[in-house]
Amino acid sequence: MSSTPIKHYLQFSDFTPDEYEYLLDRARILKAKFKNYETWHPLHDRTLAMIFEKNSTRTRLSFEAGIHQLGGHAVFLNTRDSQLGRGEPIEDAAQVISRMVDIIMIRTFGQDIIDRFAAHSRVPVINGLTNEYHPCQVLADVFTYIEQRGSIRGKTVAWIGDANNMAYTWIQAAERLGFTFHFSAPPGYQLDPVMVPASASGLVKVFDDPLAACQGASLVTTDVWTSMGFEAENDARKRAFKDWMVTTAMMDRAEPDALFMHCLPAHRGEEVEAAVIDGPKSVVWDEAENRLHVQKALMEYLLCGRY
């Protein structure tokens, strides 16, 4: 084993602004190669283990296709057909799995699970989603904004909806990349101060009125009202969030060239109007595709360093 410390990607705050500048540019290059059908196999014969405790379409497809396009292979594991669902300690699973593969992506529940796994892994670990953070998605969102509008530094991102893993990851991104984050949610669904780092507090503004939160925003974004694992609260959440649907009126409060994003899957008529997500300011399909390209850049960087 190399004595060089293993680099993981467990939160957005794990990387520096300089690393993000490199990664985002590298994603642009890899996307261009993909569009031009250029073969690029820096991860030839490398193996990615994908561990899913929470189901997903976009996460599995983007990582599995991504490692293949870089010349590697993917192995899919879930709790139904592995010892992970039969009580094997996380630390033991990490020790074993990381001796057989080159890189690991985990989509799970608590952040503590992935932190414990990474602490005992011999290879890089990537957060595919936890209850607390979703760094790969926000990385794709930032890349999509830059691709469409240029630098995000100094801009305003408006989040309309629950204080969930996406919201907390956007806060970390604001601190790392230098933009303002507007947040609006109904009472009872506000940000947890413990999850807002002191270094980002000056960049975060909380609004009771979602229309006011969208004022001057360059990007308006949202997510489902009921995240995975909170299904029992669905009816209560629908009642609480009924005035926090992203509407054309909210988009009209934003900058004239503002974009709309949603990490998907979306529920039209709940967290977003059909006229918004299917309208000219929506870039949700580019956003979804870009998971593929930023994650390729991420895996390449974690395994190969910089080119």
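Residue numbering: from 1, along the chain as shown.
Each residue, glycine too, has its Cβ placed from N, Cα and C.
As the structure is a computational prediction, the values presented were derived from the model and not from experiment.
As written in Swiss-Prot, here are the features:
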- Ser56, Thr57, Arg58, Thr59, Gln83, Arg107, His134, Pro135, Cys136, Gln137, Cys263, Leu264, Arg291: carbamoyl phosphate binding site (BINDING)
- Asn165, Asp223, Ser227, Met228: L-ornithine binding site (BINDING)
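This view paints the features noted in Swiss-Prot onto the structure.
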{"residue": "Ser56", "record": "carbamoyl phosphate binding site", "Cβ neighbours (10 Å)": "16"}
{"residue": "Arg58", "record": "carbamoyl phosphate binding site", "Cβ neighbours (10 Å)": "19"}
{"residue": "His134", "record": "carbamoyl phosphate binding site", "Cβ neighbours (10 Å)": "28"}
{"residue": "Cys136", "record": "carbamoyl phosphate binding site", "Cβ neighbours (10 Å)": "25"}
{"residue": "Asn165", "record": "L-ornithine binding site", "Cβ neighbours (10 Å)": "24"}
{"residue": "Asp223", "record": "L-ornithine binding site", "Cβ neighbours (10 Å)": "24"}
{"residue": "Ser227", "record": "L-ornithine binding site", "Cβ neighbours (10 Å)": "18"}
{"residue": "Met228", "record": "L-ornithine binding site", "Cβ neighbours (10 Å)": "15"}
{"residue": "Cys263", "record": "carbamoyl phosphate binding site", "Cβ neighbours (10 Å)": "22"}
{"residue": "Arg291", "record": "carbamoyl phosphate binding site", "Cβ neighbours (10 Å)": "25"}
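Using a 10 angstroms CA-CA radius around Cys263 (carbamoyl phosphate binding site), the binding-site residues that qualify from Asn165, Asp223, Ser227, Met228 are Asp223. Calculated from their C-alpha atoms, the gap between Ser227 (L-ornithine binding site) and Arg58 (carbamoyl phosphate binding site) amounts to 16 Å. For His134 (carbamoyl phosphate binding site), the binding-site residues whose C-alpha atoms fall inside a 10 Å radius of its own C-alpha are Asn165, out of Asn165, Asp223, Met228. Within the set Asn165, Asp223, Ser227, Met228 that the record links to L-ornithine, no two Cα atoms are more than 11 Å apart, and one pair reaches that distance. Within 8 Å of the Cβ centroid of the L-ornithine site, not counting the listed residues Asn165, Asp223, Ser227, Met228, the chain contributes Leu129, Asn131, His134, Asp162, Asn164, Met166, Val224, Gly229, Phe230. When the binding-site residues Asn165, Asp223, Met228 are ranked by how far their Cα is from the Cα of Ser56 (carbamoyl phosphate binding site), Met228 comes first. Rounded to the nearest whole angstrom, the C-alpha distance between Met228 (L-ornithine binding site) and Arg58 (carbamoyl phosphate binding site) is 15.
Separation of the C-alpha atoms of Asn165 (L-ornithine binding site) and Cys136 (carbamoyl phosphate binding site): 11 Å, rounded to the nearest whole number.
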